[in-house]
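Everything below concerns the one structure shown next.
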Amino acid sequence: MESSDGEAVDKRRVHLRPVTLRDPAPILLHLLPCEVLVNRPAPVGLFFTPAIRQGPDGLEVSFRGRSLRGEEVVVPPGLVGYVMTEEKGEVLLGKQDFSEGLEDDEQEERELVEPPEALERDFDRFIGATASFSSFTLWGLETIPGPDAKVRGALTWPSLAAAIHAQVPED
Amino acid sequence: MDLSELERDNTGRCRLNSPVPSVCRKEPCVLGVDEAGRGPVLGPMVYAICYCPLSRLADLEALKVADSKTLSESERHRLFAKMEEDGDFVGWALDVLSPNLISTSMLGRVKYNLNSLSHDTATGLMQYALDQGVKVAQTDKEPALGFMTKSEEMDGQLVFVDTVGPPETYQERLQQRFPGVEVTVKAKADALYPVVSAASICAKVARDQAVKNWKFVEKLQDLDTDYGSGYPNDPKTKAWLREHVDPVFGFPQFVRFSWRTAQSILEKEAEDVTWEDSQTGDQEGLRRIKSYFSEGPRPRLPHRYFQERGLESATIL
């Protein structure tokens, strides 16, 4: 949560609730090849999941009258996916059911921040995991996203990042 | 009519047919093609063929089949039942195109319009009849030297099609596809030729029944099925559409998303969705010409590695 340019960036610190990472419920996620220009819960279980069919070349469904083809993408070994939600006010937002929400790229790649050390001042913000996943369904417009899908490439970043940031052994 | 196969899965298309009367494999037949449910914004479109030996055409006419639009629902049912009774010389086949199939075809990256979809479906049904050995057509003789002569054998091998779009081009298209068959494409063929009337009755009976017993794929509760005629200009249909908008998913699959009526309701009542092939107003790659002369710092783009993977650093939460 750091930024190179100071303006327009929220000065408040973001803390992670480590306890929420311990045992969040597993969840089914779908990554669609489109953007719904709103962030809100959606009745995925009523409209979307029941319409999924196993076709000859992968999963099939439609969204807004457009044909989608999908496949499972597994989170790389050693990593786990979390659905992170910000706590709002005094109520823990974790209580809300976001299980039906459409997730976007960032959700999977959002890095975990270090456990908070500071006092919980009222202008600090807190996020916690509301669900976890080890795979998700990736959908392409009319065709299977396949091995060249952007998000598959994105998932290789953590291991590369670990390699380039690792301590070089002194000989 | 047994539509259980459609009810099992109504997200694609579904072919239904009567047994082929054995006489239709022996004697030259006349075949009619028609459709039902082309205009409505709701439910499937049904294509139908109906055929009988030319020698029994008078018996089909004697049933007093007529354009399905001029008949009441009960008359259509009665006539379809009669045709079933006459299954020893009357055969039919249907192709039910689900609204989902229609939407996804018409809204594809490569648009597949309703006319082409209709033509291809009609062609598919005719081919089905030929594959089943129905003697509608096809001389044994290959067209020699690129021209066809109307041989004696082809007499009575006739196909009548109710038109979709201009009849001339449609007829040409079918004639090319089935060179051995004499195809007649006409507007209002369902009122002119009894065998097309019979096809129109099959199609309409199937469409009505499919709409009436539609199994919604979505798990919607308290769904009211009082949607009127399903035609876009029916106020009842419009009201039903407006009441069944979901801000994210739009409509149930029962609705043809590709219809103007459905689209304009979504534009007003549902959230906007952008696709990778959506038209965008501003091309990000194009910069104002003045920007090449200014001294200001160019926006720094992340490394290609990150761009290619759609990765951006999170600066706001």
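Keep in mind that glycine also has a Cβ here, set from the backbone N, Cα and C atoms.
Just so you know, TrEMBL annotations never went through curation; they're auto-generated.
When secondary structure is read from DSSP and collapsed to three states, B:D34 (divalent metal cation binding site) falls in the strand class. When Cβ atoms from all protein chains are considered, those within 10 Å of B:D34 (divalent metal cation binding site) total 30, not counting its own. The divalent metal cation binding site annotation in TrEMBL covers B:D34, B:E35, B:D162.
Among the features that TrEMBL reports, domain 'RNase H type-2' is placed at B:28-271.
Taking the centroid of the Cβ atoms of B:D34, B:E35, B:D162 as the divalent metal cation site, the other same-chain residues with Cβ within 8 Å of it are B:V33, B:A36, B:Y47, B:A48, B:A122, B:V161, B:V164, B:A189, B:D190, B:V196, B:A199, B:S200, B:A203.
Counted within 10 Å of its Cβ, the other Cβ atoms near B:E35 (divalent metal cation binding site) come to 23, all protein chains included. Under DSSP, B:D162 (divalent metal cation binding site) is assigned to a strand (E or B) in the three-state scheme.
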